[in-house]
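Visitor: I'd like to ask you about the structure that follows.
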Amino acid sequence: MWPRRTLRTSTSPAGGARDLGQIRSRRGVGVSPKQVVEPVAVAEGGQPHVGRSRGARPMSPVRRLVGSGSNVGPLVAMVAVLVVLGATGSELWIDVANLAIIAALGAIGLDLLLGHTGLISVGNAGLLAIGAFVVAGVNREMEVPFVLAVVLSGIVCGIVGMIVALPALRITGLYLAIATMGFHFVTIWALREWQTRQVGDSGLVVPIATILGWELLDLRAWFVFLSVFLVLVLLGYRALVTSRPGRALHAIRERPALALMSGISVTRHKVSAFALSSVLIGVSGAFTAYYIGNVSYGTFQSFHIAIEYLAMVILGGLGTVYGPVIGAGVIVVLPYVIRELRLVLGLADVIETTQIYLVQGAVVGLVVSAMVIFQPRGLVGIGSSMSRLFRRKL
């Protein structure tokens, strides 16, 4: 461990080299910039912590994948909720859960970009549309196997993501957000023109998804498939963010200049993050197409979708593994909760059915604003704080 006060920055090259040279370990031995970045790992809450000492045994791939201790708790709790919901939930809530899981996949992709790499993107609705149109397009002339169509969708979106990443090599922050917003509008315009010329406003029909002869005909079949897929994605996501590339992304987010001096290829890691994020979002779009059974540009036209995905990530907790899933669940379930409360509290005359989503937007806006100000780690941060308080009392 090194003292935090030595991690200073300087505007001059000489000053920067001098400051880095002053970094010392606990024994007083000089530490190179690369050694400064290497120990940085990503904790469950997304915060940096000092990595293992040289004498410690390296983390096994199985342990990195599954986690240990308190890191397993959220996954076990989520699996338990899915099992109980699948066994006792009504058709309505199974449908809502399916939509939440599909949204969570896209939110995980966005969190990889925003939470772990520090790159702001609001073009995710365009990528969702591309993923959906790819599976609809390849099934237009001949029926393509479900798995192959989803893989093709992910590959196409990954390539598009690498192209979109090019501006991120030179611009960041608000300017990158504006650039990705332009990508969203250009994508929707192009898909609208193609759909209008080819099939008209009715859209494209997507066949029933089939996996190894198992047709996903009803909501519960979809629920089982999506739940298993989500757990696998979360395991892979956790392994990624705690691995060497994940630590490199975190270093790029925190101190890009220091990461570059440490020998980390900032360009390669940014492009890779954009590509992998786009793959997950594209797969989410492909699942949306198969789940709905019809694809139209109008489904993804609203820029409100991009804002909702940002809200999912911020509400759940930026840079956390399970935060995007929690945030997606809250955002998707909230309109149904408002509808039920509207009837229970006798507010049907005050809040019309068409105003439910307006109320949802107002509630989400207030909650997200409060999270940014008081709890930047979102709902995951609140849960961690309550868990620590509970353990203290015990």
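Each position is counted from 1, following the chain as shown.
Keep in mind that glycine also has a Cβ here, set from the backbone N, Cα and C atoms.
What TrEMBL records for this protein is below:
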- 1-20: region 'Disordered' (REGION)
- 65-86: transmembrane segment (TRANSMEM)
- 92-114: transmembrane segment (TRANSMEM)
- 119-138: transmembrane segment (TRANSMEM)
- 144-166: transmembrane segment (TRANSMEM)
- 173-191: transmembrane segment (TRANSMEM)
- 221-240: transmembrane segment (TRANSMEM)
- 271-292: transmembrane segment (TRANSMEM)
- 312-336: transmembrane segment (TRANSMEM)
- 356-374: transmembrane segment (TRANSMEM)
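What's the neighbourhood like for each of these?
Guide: Non-local neighbours of the transmembrane segment (92-114) in the same chain are 82, 85-86, 120-121, 124, 128, 219-220, 222-223, 226-227, 229-230, 233-234, 237, 240-241, 249, 273-274, 276-281, 283-285, 287-288, 291, 309-310, 312-313, 316, 318-320, 323-325, 327-329, 331-333, 336; each lies 6+ residues outside the stretch with a CB under 8 Å from one of its CB atoms.
Outside the transmembrane segment (119-138), and at least 6 residues removed from its termini, the chain residues within Cβ reach (under 8 Å) are 106, 109-110, 113, 144, 149-150, 152-154, 156-157, 160-161, 164, 168, 172-174, 176-177, 180-181, 183-188, 191, 194, 203-206, 270, 273-274, 277-278, 281-286, 288-290, 295, 297, 299-300, 302-303, 305-307, 309-310.
Tertiary neighbourhood of the transmembrane segment (144-166): same-chain residues 121, 123, 127, 130-132, 134-135, 138, 180, 183, 209-211, 270-271, 273-283, 285-287, 290, selected by CB-CB distance under 8 Å and a gap of 6+ residues from either end.
If one looks beyond the transmembrane segment (173-191) by at least 6 residues along the same chain, the residues whose Cβ comes under 8 Å of a Cβ in the stretch are 119-123, 125-127, 129-130, 133, 164, 167, 297, 300-301, 303, 306.
Under 8 Å from some Cβ of the transmembrane segment (271-292) lie the Cβ atoms of residues 98-99, 102-103, 105-106, 108-110, 112-113, 116-117, 119, 121, 124, 127-136, 146, 149-150, 153-162, 164-165, 168-169, 206, 208-209, 216, 222, 226, 233, 245, 249, 299-300, all in the same chain and six or more residues away from its ends.
Same-chain neighbours of the transmembrane segment (312-336): 42, 44-47, 74-75, 78, 92, 96, 99-101, 103-104, 106-108, 110-111, 114-116, 230, 234, 237-238, 241, 250, 356-357, 360, 363-364, 367-368, 371-372, 376-381, counting only residues six or more beyond its ends whose CB sits under 8 Å from a CB of the stretch.
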